[in-house]
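Novice: According to TrEMBL, the protein carries these features:
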type	residues	note
TRANSMEM	34-56	transmembrane segment
TRANSMEM	238-258	transmembrane segment
TRANSMEM	265-283	transmembrane segment
TRANSMEM	323-344	transmembrane segment
TRANSMEM	364-388	transmembrane segment
TRANSMEM	461-486	transmembrane segment
TRANSMEM	507-524	transmembrane segment
TRANSMEM	544-564	transmembrane segment
TRANSMEM	609-630	transmembrane segment
TRANSMEM	646-666	transmembrane segment
Amino acid sequence: MARKTDIPPSYYGEPRKFDPGFRGPIHNRGCTDVVCCVVFVIFILGYIALGTVAWIHGDPRKVVYPTDSHGQFCGQQGTPNANKAILFYFNILQCANPAVLINLQCPTTQLCVSKCPDRFATYLDMQYNYRYNNSYWEYYRQFCKPGFDNPRKSVAQVLRDEDCPSMIVPSRPFLQRCFPDFITRNGTLTVANKTVFKDGLGKTRSVIDLRDAANGITSLLDAKEVGMKIFEDYANSWYWILIGLVITMVVSLAFILLLRFTAGVLLWLIIFGVIAVVGYGIWHCYWEFSTLRGKPHGDGDVTISDIGFQTDFRVYLQLSQTWLIFMISLSVIEAVIIVILIFLRRRVRIAIALLKEGSRAIGYIMSTLFYPIITFVLLAICIAYWAVTAVFLASSGDAVYKVMSTQDKCVYANLTCDPETFSQTNVTKVCPGSQCTFAFYGGESLYHRYIFVLQLCNLLVFLWLVNFTIALGQCTLAGAFASYYWALRKPQDIPSCPLFSSFSRAVRYHTGSLAFGSLILAIVQMFRIVLEYLDHKLKGAHNAFARFLICCLKCCFWCLEHFIKFMNRNAYIMIAIYGKNFCTSAKDAFFLLMRNVVRVAVLDKVTDFLLFLGKVLISGSVGVLAFFFFTRKIPVIQEEVPSLNYYWVPLLTVIFGSYLIAHGFFNVYAMCVDTLFLCFCEDLERNDGSPLKPFYMSPQLHRILRREQGSKLYAAS
């Protein structure tokens, strides 16, 4: 009589029946999800059209070059500003912060100049000194509007017409813009060794006013200097960085190939290491607990409820109750780990055998280790096309001019204007000192009104293409490794060029299915990006419910994205094997996994354990070697070490690059193990090991399976 907790096989779908004609990945297959394939091709053509339209209307110079108050590019060849690549602000004190400056929204005249001022001066001082020395005017005029040559014009008229700046301050270029040359001396902020200066009206001002007007520029300038030193370090050490990354590739390859011999040892070492660490934690908690309890008048008898909530966590470490809670928690964790190992030890052995089999499969199909290079190239093309299209879209449009006024209550402020007819309007009379200056690039046409929508379309198709590229790689690798598993005699029955054959099948027959799965994932990722944007906008809001709702939605979509990634991965494996459409393959994969849910959980965690260990070991080992090399602690090759400003620059590059390379190699290995696992589950349901229905699994897996089945029969009897 079946127990109530037993789940009938039909609940998760019926196991597959034996098919005598099945010999691994089906070669005679038809196209799947044709409609989605057609839609995918149409979207790609539309994406190309979008890029073409953006290229026609956009102008990257609007992003690269700064623009003066008349909408002219600074430093553009073939224009009067060809030799004037730096933007100069007439009155930087009117600018509130550096973000305003960079966005060209500062309410002051902006002029292209060939160099920044290197001294303090005012227009009043220039007029006074001009009577005795003409050189004062020759220097000052280069910061005035082109064509202005009347140094005797009254100051009031010059400031009214914005012919010249009322003052200039020592500056240096940053982001092709002139910013005050701040220098800190003995803790005091100075500009050209001065702490005070005179503005254009003769009033004494503090350098602090300049700092407030250009807040944050000092750190940015320091960052530029650090950036130059980092660039020098890369130029001097790139050769050794490349050698370190090549060493990582060799070590990663050797690690994967050696897993067939060391997977079991490594895994059991990890398991017993975790048990030992948790056991030590229990002993340490008991020692702390007993020590605090033994104090005659200490804090041992004080409870957590007595002291309440404390921001300093160290206060709780002085309580015996805290260590008692830690000890109980670790004891529960230790007991759970031991119980799981006792009941799942055979599942762990199967997982280890599959890991070894994955290493053996990669050894027979070595070309799979280099497929990530193809994925990387395709992803680089997608990212480059998306970035270029986004820049061209952002730079589409004509110059838009707006009224900029220094008066807060000007009714014309921020209204669009025409610089050619601005002087004929009454704006300057109503708002004295206002001017018509360049604001940004835009337009009122249908195309310009939908720039934001086109940017969203650009992002969506980009996500679709990126996910499709990854899906193509997963399906290709799955087909190659499935060819290995379903070869009855290994390696004699493995088809020739399995990787190329699998890639050809995926592109020829299953582009629609891969596009379907990647589209679902892209839509979910698009929703996540929108939620992140809304969360960023609501950070300053006081609506707690809205923030809570956004947080819940972000969590739900994060879980949904990871679930879809898991299902897509297994659906692509089934597509590579059977050649069915996406929905059928996803359903079959889901039911197959549910019928083997314990094995799935064990294999997933075991694989994560080993791959994480491998990545840490490889990147850490290469990082340690790089540390000893770049710090000249290897006597044999001390003379070969390049001179560096910061030794951590190449060191971090080697560590990060090593981790990425190991991640690329181990992703292939993880795909191999997942594919072999699904094939293993299919093999168990299709075959029984008899001469008519032989298992396709390796002898090692077969021996472990026989022991597991023998144990079940013994328990049943």
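Quick reminder: no glycine exception, Cβ is built from N, Cα and C everywhere.
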Novice: Please determine whether the transmembrane segment (265-283) and the transmembrane segment (609-630) are in contact (criterion: at least three Cβ-Cβ distances under 8 Å, sequence separation 6 or more).
Specialist: yes
Novice: Sequence-remote contacts (6 or more beyond its ends) of the transmembrane segment (507-524), Cβ cut-off under 8 Å?
Specialist: 29-40, 460, 463-464, 466-468, 470-472, 475, 557, 560-561, 564-565, 568, 571-572, 575-576, 579, 581-582, 585-586
Novice: Please figure out which one of 238-258, 364-388, 544-564, 646-666 racks up the most CB pairs under 8 Å against the transmembrane segment (609-630).
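Specialist: Answer is 646-666, with the largest number of Cβ pairs below 8 Å.
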Novice: Could you pull out which residues elsewhere in the chain have a CB under 8 Å from any CB of the transmembrane segment (364-388), counting only those six or more residues past its ends?
Specialist: 47, 51, 253, 256, 458-459, 462, 465-466, 469-470, 472-473, 476-477, 480-481, 484, 490-491, 494, 498-499, 664-665, 667-668, 672
Novice: What same-chain residues lie close to the transmembrane segment (238-258): Cβ under 8 Å, and 6 or more beyond its ends?
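Specialist: For the transmembrane segment (238-258), the sequence-distant neighbours (Cβ-Cβ under 8 Å, at least 6 residues beyond its ends) are 359, 362-363, 369, 614, 617-619, 621-622, 625-626, 629-630, 642, 650, 653-654, 657-658, 661-662, 665-666, 669.
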